[in-house]
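S.K.: One structure coming up, written as structure tokens, with questions to follow.
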Amino acid sequence: MQQFDGTTIVSVRRGERVALGGDGQVTLGNIVIKATARKIRKLHGGKVLAGFAGGTADAFTLIERFEAKLQKHQGNLLVSAVELAKDWRTDRMLRRLEAMLIVADKDHTLIITGNGDVLEPEQGIAAIGSGGAFAQSAARALFENTDLAPEVVVKKSLEIAGDICIYTNHNHLIETLGPDDEA
């Protein structure tokens, strides 16, 4: 699973706000191919955030499938995530895709894996990718010991992961959802 070693995606939920951010580095083995990739998307009219780690083509395929599930299920994040995970696990072509997703709406944050897992993390903090453990640790420390806004926690967590993980850079894209955002 070499493809998973290439990014950091982290999400933090605090109060009525959720932020999802990722770095911009794409690597092929140990070579940086691109430094400004967009691994975070707003879906379903801006009401859902999605971020991916893993093979780029695989992740785009999964994002498209997830968006189709959102349309089919009127934006219901939980049902859409479970349906995608079921397809991912049982469909012969999808089973070969190597990627992970974090998706979030105003109420839930979920990690979706190719093993058929749909996980809702405790404390509203989720991270995936090669720098995910570093970002999650930083996010948890900041979340528990400060009152910083979720987007600030995500930014600082990505900075820390970028300082430690060679597959994570400092070109960040962070999207938010909250009561002040027009969706």
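Yeah, the Cβs are placed from backbone N, Cα and C, and that goes for glycine too.
In case it helps, Swiss-Prot gives these features for our protein:
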ACT_SITE  THR7  active site
BINDING   GLY162, CYS165, THR168  Na(+) binding site
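Distances, neighbours, how buried they are, the whole picture for these features please.
M.R.: Its own atom aside, the Cβ of THR7 (active site) has 31 Cβ atoms within 10 angstroms in the protein chains shown. THR7 (active site) falls outside any helix or strand according to DSSP and counts as coil.
Using a 10 Å Cβ-Cβ cutoff, THR168 (Na(+) binding site) registers 29 neighbours.
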S.K.: Tell me the Cα distance separating THR7 (active site) from CYS165 (Na(+) binding site), rounded to the nearest angstrom.
M.R.: 9
S.K.: Rounded to an integer, what is the Cα-Cα distance in Å between THR168 (Na(+) binding site) and THR7 (active site)?
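M.R.: THR168 (Na(+) binding site) to THR7 (active site), Cα-Cα distance: 5 Å.
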